[in-house]
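Structure first, commentary second.
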Amino acid sequence: ASAAADVDECVEGTDNCHIDALCQNTPKSYKCICKSGYSGDGKHCKDVDECERDDNAGCVHDCVNIPGNYRCTCYDGFRLAHDGHNCLDLDECSEGNGGCQQTCVNMMGSYECHCRDGFFLSDNQHTCIQRPEEGMNCMNKNHGCAHICRETPKGGIACECRPGFELTKNQRDCKLTCNYGNGGCQHTCDDTDQGPKCGCHVKFVLHADGKTCIETCAVNNGGCDSKCHDAATGVHCSCPMGFMLQPDRKTCKDIDECRLNNGGCDHICRNTVGSFECSCKKGYKLLINERTCQDIDECSFDRTCDHVCVNTPGSFQCLCHKGYTLYGLTHCGDIDECSINRGGCKFGCVNAPGSYECTCPASCKLHWNKKDCIELVKCLTGPISHRAMLTCNKNGKKDSCSLTCISKARFLPESDSSYTVSCGTPILRQGAQQRPGNSKTVAAPIKQKASFKIKDAKCHLHPRVKGKQDESGKHGAPGGAAPCSDCQVTFVNLKCDSSKKGKGRRARNSPNKEVTRITLEFEAEIKPEEVTASCNINCLRQRVEKKLKSAIKALKKSINQERFLIRFAGMDYEVARKLSMSPERQESCGPGQQRLGSKCVSCLQGMYYHGQMEQCVPCPPGTYQEKEGQLSCDLCPGSDAYGPAGATNITTCAGQCPPGHHSVDGFIPCQPCPRGAYQPEAGRALCFPCGGGLTTKHEGAFSFQDCDTKVQCSPGHYYNTSVHRCIRCAVGTYQPDFRQNYCITCPGNTTTDFDGSTSVSQCKNRQCGGELGEYTGYIESPNYPGNYPANIECTWNINPPPKRKILIVVPEIFLPSEDECGDVLVMRKNSSPSSITTYETCQTYERPIAFTARSRKLWINFKTSEANSARGFQIPYVTYDEDYEQLVEDIVRDGRLYASENHQEILKDKKLMKAFFDVLAHPQNYFKYTEKHKEMLPRSFIKLLRSKVSSFLRPYK
């Protein structure tokens with residue numbers, strides 16, 4: 001059976017404690033304790049008479065005992081001092097002139113009334129009577145009585161004294177006694193034959209005047225709060241810096257430095273006892289002058305942001321690269337664009353890190369807008385526009401050739417000594433195909449490839465030297481050939497490579513010779529309409545192949561003779577440069593580059609290199625350029641020379657269909673989306689149906705929100721067009737908007753705690769964070785510094801190397817206390833609940849704490865419930881040599897390490913803690929910081945550490 005509950009006798013009143021005792025309950029019983037000022041066993045209490053003590057309870061005059069206490073009183077003519085024990089003279093003359101008619105004279109413990117000449121004091125000792133010029137007896141001014149004159153029946157006089165005085169032997173004078181004003185003594189008075197003799201209480205000494213008692217520093221520090229100095233007039237009290245002496249000349253009161261000019265602090269001034277302390281707002285740090293606040297550059301810390309960090313005054317901002325989104329305040333996760341309305345793709349969508357790609361079925365290819373699909377094979381309404389034109393002329397024994405790129409020119413620099421130039425677009429069809437609805441046959445293109453070398457030359461696509469004779473453009477001399485003049489060249493690819501990779505004996509014998517290899521690929525179209533009865537398609541193919549071979553032969557000669565040019569956007573370029581050229585001539589930049597100072601810089605997107613102007617210029621209206629370092633711009637679809645200059649993408653070309661509209665190619669003329677369909681993007685070839693038989697209120701809708709749904713879905717839901725209901729977003733997805741038909745997948749490897757999430761902030765990484773090193777490391781709650789997820793459990797094990805111990809610093813920790821310790825962080829020797837525990841908490845602490853592990857190894861566990869969530873923690877640790885254990889323990893257990901807000905901020909400063917841990921882990925690295933520590937740490941912190949280190953290194957000094 002369980003033990004009976006303890007009865008509190010004190011509450012129930014069943015105790016037998018004395019009325020002047022306190023009752024204190026104990027397990028199974030109680031005890032009685034006499035109150036202060038009483039003595040006894042608690043059941044019997046007797047008042048202590050403090051006035052019976054030898055020092056009269058400290059009272060200098062009278063002591064009055066009262067139950068449980070005492071009080072001091074003073075004789076008439078005195079008043080009680082502030083300390084409640086000393087008695088000071090009461091200046092009766094200060095109020096109503098003491099009742100005197102003429103003059104009031106104050107004295108220690110009393111006062112006297114005096115009269116002016118020609119008057120004498122009446123018997124009431126206050127009023128004055130005018131004395132006649134002549135008179136008898138007491139009216140005579142020379143009657144001789146010191147105090148009171150009485151006339152006798154026989155006509156004589158008799159002298160009397162005021163109360164407290166005695167008549168002397170001469171029967172005229174009066175002698176003072178202790179009964180009047182305490183005999184003029186401040187403390188004690190004894191009557192002697194010579195008159196009153198003054199004395200002082202044990203805590204005072206007699207002044208030179210023989211009456212006054214003055215305090216001495218030797219007794220009770222003279223009553224001073226702080227410093228005491230003995231002076232002729234008594235004690236002189238003074239206060240330390242930061243305090244002010246009060247009107248009682250004893251007490252020191254703290255000066256509030258913050259009241260004047262904020263104490264000189266930039267941000268926050270906090271008054272302390274005898275001093276003050278400056279501190280800074282969050283995001284700032286205090287400089288070594290301990291007044292000025294400087295912004296903390298969080299971007300200089302490790303692991304602040306996953307991608308891009310932007311420092312701001314007092315804070316920072318994390319940004320993500322294109323295709324990524326922010327979660328957990330500092331982390332970047334890939335956006336699954338395919339989960340957002342299927343990426344806007346017509347057919348299929350494939351997500352990739354930082355991007356996505358729309359796909360099309362095999363019978364289609366991707367539209368220029370990268371989202372729609374168009375059929376791969378269509379009847380051509382007219383002849384193919386040629387993308388390249390090859391012309392060769394013969395002049396005597398010299399061949400001159402030129403390759404003109406009309407459109408789709410590309411330049412790809414691969415290194416300083418190699419590049420590739422392509423002109424036109426390769427034909428995708430690999431064999432004869434029957435065009436639908438067309439009786440004509442499309443023949444496969446003719447492909448030719450050639451490779452040859454140029455001696456003593458280096459690959460360098462450069463503008464033709466001005467003034468050089470242009471023979472390539474002239475017609476050949478009589479009898480000269482113009483090979484392939486009627487070849488329908490659709491694609492040319494030229495690769496030039498001067499890298500020294502030669503093989504064979506020749507290469508070994510002349511290692512310094514520059515050898516350039518040029519590889520050419522051609523595609524030419526076969527015209528089916530040229531087929532005749534005497535020359536079928538094969539015959540025609542052989543003729544074109546022969547012409548191409550002849551052209552390649554002439555091309556090889558012209559390149560060797562430096563008489564071959566490539567024309568881009570009206571400019572001529574040579575493919576290679578002979579090494580024998582004049583070295584004095586300034587080396588020109590590569591194609592698609594302009595010289596800026598001493599550097600060659602590639603033309604940016606939206607620009608091309610203009611050879612005649614010798615600089616990069618913006619693409620003219622109606623053209624665009626997606627790549628850098630190009631020699632021409634591509635035409636916009638259906639270009640009519642309208643649109644912006646410097647366009648970087650086909651989507652910036654003018655004339656695109658606006659959202660809510662579509663056309664075959666995405667350009668005007670456009671049609672509005674019909675009822676029941678919508679299109680949120682520009683330049684599209686289709687509209688998306690609302691689905692489920694839903695319609696829209698008007699044509700040209702550009703969002704699913706325009707679809708006339710049967711119910712309106714709130715954030716965290718999506719509209720299912722099959723069942724016409726709102727469905728909660730599944731775990732791992734969210735939807736921030738109203739009336740949408742999809743939920744967005746959480747970025748990267750994050751997920752949500754529950755379904756129905758409404759924001760990306762509810763997407764959390766569930767992976768336990770941290771890095772565990774032998775010397776330094778840290779543990780981190782999942783998703784830190786964002787809120788940690790629900791129902792997770794993390795375990796870390798810190799196993800330091802031999803003869804090393806663990807120091808932990810908890811800069812701050814955020815755990816919700818309102819969920820009855822559902823989220824707990826514990827550090828133990830091992831997983832057993834009974835093992836030695838170093839640290840355990842389920843609450844938020846913004847004040848830092850440092851401590852050493854109570855065991856050589858640490859098992860750390862963090863467990864959360866589903867009730868609440870918070871920011872969590874990032875806790876660093878260091879392993880240190882066990883020889884330093886006494887020093888480390890002395891530092892972390894000193895309350896001064898945490899007393900100052902500035903010291904607390906040091907324990908939160910990642911850079912300072914990194915340096916501190918580095919020295920603890922590797923003491924020899926201390927010298928790296930000897931010059932910097934004065935700039936990094938406040939003087940008070942250095943002073944604290946220096947005293948600790950000094951006493952550790954020199955314990956006997």
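Every residue gets a Cβ built from N, Cα and C, even glycine.
Unlike curated records, TrEMBL annotations are generated automatically.
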**Request:** Based on the record in TrEMBL, give the one of Cys299, Cys320 in a disulfide bond with Cys309.
**Result:** Cys299
**Asked** What stretch in 6-46, 89-125, 768-880 has the biggest tally of Cβ pairs under 8 Å against the domain 'EGF-like' (295-333)?
**Response** 768-880
**Asked** Using DSSP, what's the helix, strand and coil tally for the domain 'EGF-like' (254-294)?
**Response** 7 helix, 16 strand, 18 coil
**Message:** According to DSSP, does Cys299 (disulfide bond) sit in a helix, a strand, or coil?
**Reply:** helix
**Asked** Averaged over the domain 'EGF-like' (6-46), what pLDDT does the prediction give?
**Response** 92
**Asked** Using DSSP, what's the helix, strand and coil tally for the domain 'EGF-like' (6-46)?
**Response** 4 helix, 17 strand, 20 coil
